[in-house]
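**Student:** Can you read through this structure? Questions will come right after.
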Amino acid sequence: MHDIRAIRENPEAFDRDLERRGLAPLSAELIALDDVRKGAVSAAQAAQERRNALSKEIGAAKKAKDEARATELMAEVARLKEEAPGLEAAQGEAAKALDERLAAIPNRPKDDVPPGADEHGNVEYRRFDSSRERLTQGRQHFELGEATGLMDFEAAAKLSGSRFVVLKGQLARLERALGQFMLDLHTGEHGYTEVVPPVLVREEAMFGTAQLPKFRDDQFAAGENFWLIPTAEVPLTNLVRESILAEDELPLRFTALTPCFRAEAGAAGRDTRGMLRQHQFNKVELVSITAPEKSAEEHERMLACAEAVLQKLDLTYRVMTLCTGDMGFASQKTYDIEVWVPGQQTYREISSCSVCGEFQARRMNARYRAKEGRGVGFVHTLNGSGVAVGRALIAVMENYQNPDGSVTIPSALQPYMGGLTRIEGPKN
């Protein structure tokens with residue numbers, strides 16, 4: 001959500017930032033809507049002030065025994081009372097029109113975000129190479145999984161349709177191990193507090209993190225006013241909704257392992273085989289709530305925490321700074337971590353870490369009280385995958401595959417697998 005006062009103070013800067021996003025100028029339209037709102041507020045206030053003044057005049061007229069004047073004034077009060085609901089409605093409608101327009105506009109990119117229309121404009125930030133030799137060929141994860149019978153898309157399709165999977169046996173245990181490993185790392189070494197949140201949330205929570213209203217078609221509704229979460233970012237960030245925190249409480253750092261649900265409305269024809277793009281998947285999420293001056297530093301810290309997962313798994317990856325045309329709706333700046341996937345001979349996104357500034361905080365009314373009497377302001381919010389568990393499973397399977405179809409268990413995961421060192425390939 002944008003601050004209309006900031007737009008009024010510097011409309012040219014606002015329009016320049018929208019242009020970087022590929023959008024037309026909107027400041028004039030927004031200021032016009034705000035003028036209507038201000039006019040409605042002024043009209044309602046003027047009517048109330050007139051009623052207050054009339055009450056005093058009526059008292060004076062009665063005291064002077066001027067009944068004719070008192071009757072005239074009371075008639076005007078009655079008229080103003082009759083008009084009041086309409087003035088209040090006009091005020092509410094004007095405020096709603098402005099808020100709805102502001103809510104539909106994406107966040108303003110930071111100055112250092114590279115320009116670009118789509119993913120081709122993204123810029124490599126850094127990379128990490130595994131200590132193991134990179135595989136230049138190999139089977140894809142679904143070929144490995146189906147050959148062992150431990151990854152069953154056919155059974156999932158009978159249960160739920162396309163873009164679902166059933167994992168069994170040691171592969172199911174490996175996915176569970178990955179999630180537990182990530183949580184232990186983030187809570188034990190990175191200072192995050194583990195949370196087990198609801199996966200059904202109200203519409204207000206989805207609005208707060210900006211999944212709604214713009215991305216309604218990408219979500220799964222569940223009954224009246226409930227939505228399945230597309231990411232734990234939604235409940236974790238909304239933990240500070242409608243609250244005023246003390247600056248000494250910041251930063252807050254939350255992590256959660258949850259199932260996530262996405263309709264993938266715009267993904268027709270993409271990644272139709274395998275686990276890369278599912279309607280339901282598990283993900284470890286990281287969320288930070290900070291004071292404004294600390295959010296840039298926290299963004300780099302969060303990125304390093306997500307990277308640590310892949311480094312400990314000894315997986316090759318690169319970090320990309322997303323360009324203005326590829327970053328998310330609520331983001332000021334985003335880093336994507338892309339892991340090497342030998343079966344496709346390419347890098348695929350496994351984590352996205354974003355700083356949102358006060359964009360989500362304004363939608364949630366999440367504030368903090370600054371020290372030394374500096375007043376109350378909006379917090380900054382950050383979110384990142386720490387990481388997507390299903391995609392981590394893909395990366396482990398494909399990067400640790402052996403010629404016989406078996407998969408070596410990374411040493412970091414072996415304690416979570418009861419000491420198991422490999423998942424056997426198909427029996428001949």
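Backbone N, Cα and C define each Cβ position, glycine as well.
From Swiss-Prot, for reference:
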| type | residues | note |
| --- | --- | --- |
| BINDING | T231, A232, E233, E285, S385 | L-serine binding site |
| BINDING | R262, A263, E264, E349, I350, S351, S352 | ATP binding site |
**Student:** Rounded to a whole angstrom, what is the largest C-alpha distance between any two of the residues R262, A263, E264, E349, I350, S351, S352 that the record assigns to ATP?
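**Tutor:** Output for ATP binders R262, A263, E264, E349, I350, S351, S352: max Cα distance 19 Å.
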**Student:** May I ask for the distance between E233 (L-serine binding site) and E349 (ATP binding site), taken between their Cα atoms and rounded to an integer number of Å?
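**Tutor:** About 17 Å separates the two Cα atoms.
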**Student:** Nearest of the binding-site residues to E349 (ATP binding site) by CA-CA distance, picking from T231, A232, E285, S385?
**Tutor:** S385
**Student:** For A232 (L-serine binding site), which of the binding-site residues A263, E264, S352 has the nearest Cα in space?
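**Tutor:** Ranked by Cα distance from A232 (L-serine binding site), first place goes to S352.
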**Student:** Checking your reading of the structure: which of the binding-site residues T231, E285, S385 lie inside a 10 Å Cα sphere centred on R262 (ATP binding site)?
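**Tutor:** Those close enough are T231.
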**Student:** Same chain, not part of T231, A232, E233, E285, S385: whose C-beta falls within 8 angstroms of the C-beta centre of the L-serine site? Give them in sequence order.
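**Tutor:** These residues sit around the L-serine site: V234, L236, A256, T258, C260, K283, V284, L286, V287, N383, G384.
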**Student:** Please report the number of other Cβ atoms within 10 Å of the Cβ of E264 (ATP binding site).
**Tutor:** 15
